[in-house]
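One structure is given here, and the rest of the page talks about it.
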Amino acid sequence: MASRGTALVALAFLPLHFSICHGGFPKDKDISPMKFTHSLYNTTIFENSAPRTYVETPIKMGIQLKDLLWDIKFNIVSGDDDELFQAEAIQVGDFAFLRIKTQVTYSASLNREVRDIYALTVEASESISDLKAKTKVIVRVEDTNDLKPLFYPASYHVAISEDSSLQSSVVTVSATDADLGSNAKFYYSFTTRSHPFSVDPFTGAVSLFKKLNHTRHEKYDLTVLAEDRTKKISGVQKFGNVARVVVTVQKSNKTHPVITPTPKPSILSDGKVTIDVHVEPGTKPVESLMIMEEDLNMFFSVIPLGVEGNDFQVISTKKIRWSRMPHGLNMSLQAKDSTSLSPVKQIHIPPVHYTPLTFSEDTYIVVLSEFSPPKSHVVKVAVAPESQNISYSIKANQDSTKFKINHKKGTIVTNDYFDFEAKQRYEFDVIANNGEAETHVVIEIMDENDNSPQFVENSYQAMLDENIPVGSSVLKVSATDKDVGKNGLVTYSIANTGAIPFAIDAFTGVITTSEDLDYELMKRQYHLRVWASDSGSPFSQVNECGVTITLTNINDNVPLFERIGCNTTLPIDSPVEQTIGKLSAIDLDELQHLKYVIESGNELGIFTMDSTGAIKLNKPIPANSNAFNLRVVATDGKHKSDPSIVRVTVTDKGEEPTLKCIETDILKQVTNKLIESIKPILTSQEDDSFFSDKYIANKHSPKFNLSIPGSIDLVEDFPLNSTIVQFKATDGDTGLNSKLVYAISSGVEDGCFVIDPFLGDLKLVCPLDRKNKEFYILNITVSDLGMPQKSAWKLIAVNVMDINDNPPVFSQPRFVIRIAENIEVDSVVFTARAIDNDSETNGNIQYTLLTSTDFFTIDKLTGDISVASNLDRETLARHDLKIEARDQAKVGPQLFSTLDLVVVLEDINDNPPKFHPKVYKVKVPEDVPVGTLLVWLESVDLDLGSGGQVTYNLKNNGIFHLDSKTGALTLERELDFERRPFYNLTVRAVDHGLPRSLSSSCFVEIEVLDVNENLHKPVFDEFVYDEAIMEDAAVGTSVATLMALDKDAGRDGVVRYRIHDGSGLGLFTIDEESGVIRSTDTMDRETTPHFWLSVFASDLGTDPLSSWCHVYIRVTDVNDNAPQLSQPMYLATVPENAALVQSVVTVQAQDLDSSSDGQLTYDMTEAHRKYFSVDPKTV
């Protein structure tokens, strides 16, 4: 609190008589006694609270301090007999807070179920002023969820009949919870769901959810759980107790329909089956008769025989292939009413006599050339008796992969190339109609000369010494041929066109020399082209291999000097190492370097000779020497040359040395001789390219004869195995390169056309049928057998011309249709449709109704059967009609077929199910247990039989489940209001009526009720905050940041702050999210030195929880006020010429700032200091 400073100033002057006007500030005096802010406080605390837990109240509970020096103590003087509470004082600013908490240690605990309220009397005492005050504090003990629900009784035993209706009440279980409010709420639920019962989560009423069956289940042992809702929300599962419910299912005395007597099948000559069936009803009308075998429903139909509904007829609607069922058929029939089934009745239908299928041959043996290309015709298999419904297939094995069969025609063609050398025989089985008949096919591959001889090595090399004897063996080549017989007999020959000194044995492949060889005078390397040829027909196959023979040199020549008879002069004073002359020799062998030797005439060692043939002076020439005769030879290590004489004549000093020799011209002679020996080789160069011979290269492609037509017309009955056209082609090559094979490369998928691979004859091997294929485009390919193979192709169109060979055919011999009895006249109920695959008039069809009737007519062109008059099911439940389809052929007899049509009249399904009401509105708390029955959806359908049976459909959303039979809507997954508070479901009710089902829809509006999941309130880290702000702080200055923590998740844990009350209300604001308190106005400590705020922290839960704290804000002082004199003017008098006067007048001033207390000084202007002075510190 700011203080005031006051000063008195005395003025000294001459003695004067003056009067003083004194101005002062009265001091406030507290006249109020000490008292509590309220005479009664209401507080709360939770039961089972821990020691030192404070009671809570949103208001400031305590005493406003009139004097800051007060020291207040609080004491509980009554109402706490059990000594559970303790009072304490907390002084902040000008307020002493009364805080009551549980004792640190106490034997008894707070238990709301024992005592829920305490009235405490609290006395406040102040020791300095000896003041006292009292107040009442009411402590209400709040409930906590500390008790489980309890069942009474804990077990239930009930009995119920198996024919009890849905929604029947079975038993009601009961449990109680002693807690209060939401803590006392709990749900009933089953611990398991594999039973036909449901329990109301609120009332505990157990009802029948699904139909019972004593035979399947005689007793159910159920467990009902009463689970605390609040604990479940907080994450504690199964907090509760259970009760046992035993339900005994009692058997109901009811009867069922019976089929009697045993029906006997009737089989007509055309194979149609009819079975009359009578059903004795049970307690309820017979609804239907069923064929139990699903596959038989494709061939049979059940129709009413009379109008009463107890007689039925089972008739065949499709042709039965008795060949697949040689022992007949077994049929199971069962009648049905609305609630039960009859015993199953077994009926045996004996087979109709038939001739089993057999192939025309037990084993088909075919010889096939290995030259046969893919899609070559192999053989056509056939069965007897002939039928249009025969299907052929090959039983798969390792050999069958190279063949395929036309499933309708039975023609087998190749699917790949063949190699006799890899496999000579193929065997597989062919079956008809999935095994009704079986035959064996053997294909023997005929060897063709399709393999050329293959050399063991890609090439051969040999080294051969010159001068070996003629006829010597050089090497042996070897080749093999995979073909057999003459096709594999190999002979050898040399294909070089020039002369060569070698020969080859035609049968062994041994290469020998045929003349003498000389390395120096002949070719030193020979490249031979060796051919290996087989003896196959019609042409042999040839292959070529390269053989390289290299001559090796041997030492068989004597060195020869190029110069002989040399005469040289040499001065006697010639220096050592001086070259006298140089001799050179030639060795045609060229095997190694020559060595020169002075054989005689150099006994004194005066001369020496190096490896180049140079003669040098080795030592000084002795005096008195006249001449030397040197005998020189050249040697290659084996042979020596003839000696060459070098005469050296010694001359006087200073003379020039000379050298004269005779030239032998040996190098020129050898060169000319070598050129002459290889001239024939150089002038007869040969082409050594591989396969260059005209008999080996495949140069030309085959060409078709231009006279072959591009299209031909064939009638459907063209004779089989007759030649249609012959394809001819030519090839300009020779040998196998001109050998041609023909094939149909495409356009003959059914295998009806074949071509002779060597003659080119195109033939028809299976009957043509224009209904299956009107034309063919055949791609005829001709290929030679050369390497690489060359081919040509030609397209030929085959037009199939029609004959009247097909009668009109219905898709099945008998039809059953069901129509509503109130169908309108002239309505088309059925269209008789037959197919005639002939063309033009042969394929035109007219329909006739052979049955005499006034109820139906038929359109002769379209086959539409229309209602001619009103129908009545109660008069005649069915109409049997026979329809004829006849073609309009102009040449030859007309062909026809008939159809049986059974028209069954049915009670119409004209009433859709109707919901009552149309819109269901359901409110369900978000925490109800999974499996809770939410609502029964009910509809009414007035139709009979299946038309009155209703099925409910709900698009699967994973949250709810709708029982399709009962319409019970149950919860399948837990709800969450925060995730989705509303569901709009569309439920569709569909009846089972014929010919079409009817449906209607209802809407289910499910409102998810929010359940308070807010378990924890925000908690401030301080009960009271002591904060400060400078009085000159700018608007918006942050004063404090409050923090409250909430342990809940989601929105329940999001905290928002607000200022609820206090003296600072309106002067401060708090950010609702961050808790930051800021000023909204300027402060003035001298006006208001402090403020109080009450701040609430609330979470965002549906039922928000709050806590509160108090904030004390002190305004701190700044020097913002100037001193103020107590009076604006002072009046004083002094006598003239008076002596020194001690005091004239006292001036008093004060400063509102607390920081200026006792710090004031006084002064006066300069003009008045001549006569007066002022004491600067006078007080």
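Numbering starts at 1 and runs along the chain as it is shown here.
The backbone N, Cα and C atoms fix where each Cβ goes, glycine too.
Heads up, TrEMBL stuff is auto-annotated, nobody curated it.
Record features (TrEMBL):
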| type | residues | note |
| --- | --- | --- |
| DOMAIN | 37-151 | domain 'Cadherin' |
| DOMAIN | 152-259 | domain 'Cadherin' |
| DOMAIN | 360-455 | domain 'Cadherin' |
| DOMAIN | 456-561 | domain 'Cadherin' |
| DOMAIN | 573-659 | domain 'Cadherin' |
| DOMAIN | 706-810 | domain 'Cadherin' |
| DOMAIN | 811-915 | domain 'Cadherin' |
| DOMAIN | 916-1020 | domain 'Cadherin' |
| DOMAIN | 1021-1125 | domain 'Cadherin' |
| DOMAIN | 1126-1178 | domain 'Cadherin' |
| SIGNAL | 1-23 | signal peptide |
(message) Pairs of Cβ atoms less than 8 Å apart decide it: which stretch in 37-151, 152-259, 456-561, 573-659, 1126-1178 has the most with the domain 'Cadherin' (916-1020)?
(response) 152-259
(request) With the domain 'Cadherin' (456-561) as the reference, find which of 706-810, 1021-1125, 1126-1178 contributes the most Cβ pairs under 8 Å. (result) 706-810
(message) For the domain 'Cadherin' (1126-1178), what's the mean pLDDT in this predicted model?
(response) 78
(request) With Cβ distances under 8 Å as the criterion, find the stretch in 360-455, 573-659, 1021-1125, 1126-1178 that has the most pairs with the domain 'Cadherin' (37-151). (result) 1021-1125
